[in-house]
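**Student:** Annotations per TrEMBL:
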DOMAIN    18-449  domain 'Major facilitator superfamily (MFS) profile'
TRANSMEM  21-43  transmembrane segment
TRANSMEM  59-79  transmembrane segment
TRANSMEM  86-104  transmembrane segment
TRANSMEM  110-131  transmembrane segment
TRANSMEM  143-163  transmembrane segment
TRANSMEM  175-194  transmembrane segment
REGION    210-232  region 'Disordered'
COMPBIAS  210-219  compositional bias 'Basic and acidic residues'
TRANSMEM  264-285  transmembrane segment
TRANSMEM  297-317  transmembrane segment
TRANSMEM  329-349  transmembrane segment
TRANSMEM  355-377  transmembrane segment
TRANSMEM  389-408  transmembrane segment
TRANSMEM  420-443  transmembrane segment
REGION    457-479  region 'Disordered'
COMPBIAS  461-479  compositional bias 'Polar residues'
Amino acid sequence: MSHGGARGAAKPQDRGWAWMVLLAAVLLQGLTLGFPSCIGVFFTDLQHEFQASNSETSWFPSIMVAVLHGGGPLCSILVKRFGYRFAVMLGGLLSSVGMVSSSFCKSLGQLYLTAGLITGLGSCFSFQAGLTALGHYFVRWQTLANAMASTGVSLGFTLWPLLSQYMLDEMGWRNTFLIFGGILLNCCVCGAIMRPVRLASGSLVQLPRPGEDSGRGAEEAQLSNGASSPHLKYQEQNRKTACFQVLQKYLAFDIFCQNKGYQIYTIGVTWMMMGFVLPHVYLVPYAIQNGVEERKAALLISIIGFINIFIRPLTGLLSGHRIFTGRRIYLFSLAVLLCGLSNFICIISAEFSVLIVYCVILSIAMSGIGALTFQVLMDVVEMDRFSSALGLFTILESITLLIGPPLTGLLVDITNDFHYVFYTSSFLLISAALFMGLSFCALEKKRNLKEASKVPLDNPSRYQYNDTPTEPQPESQSTPAVVYVTSI
């Protein structure tokens, strides 16, 4: 029987149906996170269709990606109340409705609402609920499972641009969006596979604790019976407390304030995302403007996805080694740094052969980022708070995902030079990598100094050097969590 340790024991973990859930998660991430990769293929056509500027057109993918990441709190509420299976299937339905409606849009504003908001929100529900399900089904092989699931994003990056360019040439963007609506319905099939995990006691792992809601309801009923002023005042105070508890439950503000590692990581990734998304939106228009054929330009995104298919699992295996336990943040920072440095290749030349080299290097860096982003988050917070921590994490990064492409598009409209896209992306990525890497290094040093100062007062040899290691031994046998994050 498999045991989940501190995160709760569940019979199907790491075996049996868990691998079917992993397969569903691969497809799910390809349909959700991989989908925005094809938007750049439609950028020029939409710009001509609605006679819009680069900044106006870029709001469409920005809203989609921002909502995809920022809808985390809503997804967390759905998962808490109805389970991740319901959330995944609802997300698939919303994604489909959004793309079908987009095929009838008459303006960019309508496209912002349908493909941007509705499809983005549906993709958010499906992706994040599926990620939560994966965290409950895997404990021992969690790092590998996350890396393998992220290959779905690579498959999406490979297939969506090629399919989009082919269908765009054959039937136009409206009919293509209509067919995309049918394809995204497959998220509902993935959700049906993700049946709830049952604990050893037989209770569902994602349902609210028994008596939690009933106790709150009894308290509210008791308050409602009192009509006097003190009771009303107490009731108002209780409502404020309840509101704070809801925010703490679904947005993890308490973790953000108390956990330095989660705080640094969230700020770093939020800053990073402003630059990370820019090449995905503007690479195809940049290549087309510099004389690259449309099919070849779409192939660039597919090259990135194809290489990711092979590199991400290797990254997951490497980062899952015990020597990287508690140190995955440094691998992540290194990947972000490489991603930022790779953008200078586009600045040097826009020839197709040079852009292929850029895509290869960018893909290697993206593999590390994609395989480790949520694994590092699972390292710095406990699994029972992961859903709410993910909600705050994604809603903060969605702000920069929303404003990054339009602001950069405005800069391109003013200067008429796409090179500023890659200058901006490099600056944001490199600064984020240095911030996270150096900050976590400082945290680790602070922790070591703090532990070194904890010497018993009654120990006469407290100032003598002891070459016997005390901390590393139990730390290597602990669960894969960043110890210095939760202890400071």
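Any Cβ shown, glycine's included, is placed from N, Cα and C.
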**Student:** Take the C-beta pairs under 8 A between the transmembrane segment (21-43) and each of 86-104, 110-131, 175-194, 264-285, 297-317. Which stretch has the highest count?
**Tutor:** 175-194
**Student:** Examine the transmembrane segment (329-349) against the transmembrane segment (420-443) and state whether at least 3 Cβ pairs sit under 8 A, considering only residue pairs 6 or more apart.
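**Tutor:** Result for the transmembrane segment (329-349) with the transmembrane segment (420-443) is yes.
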**Student:** Can you work out which residues elsewhere in the same chain, 6+ from the ends of the transmembrane segment (175-194), have a Cβ less than 8 Å from its Cβ atoms?
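**Tutor:** Tertiary neighbours of the transmembrane segment (175-194) are 20-21, 23-25, 27-28, 31-32, 35, 42, 84-89, 91-93, 95-100, 102-103, 115, 119, 122-123, 126, 129-130, 133, 164, 167-168.
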**Student:** Residues sitting near the transmembrane segment (355-377): Cβ under 8 Å, six or more positions beyond its termini, same chain?
**Tutor:** 131, 142-143, 146-147, 150, 153-154, 262, 265, 269, 276, 279, 283, 287, 292, 300-301, 303-308, 311-316, 319, 328-329, 331-332, 334-336, 338-339, 342-343, 345-346, 386, 389-390, 393
**Student:** Calculate the per-residue pLDDT averaged over the domain 'Major facilitator superfamily (MFS) profile' (18-449) and state the result as an integer.
**Tutor:** 83
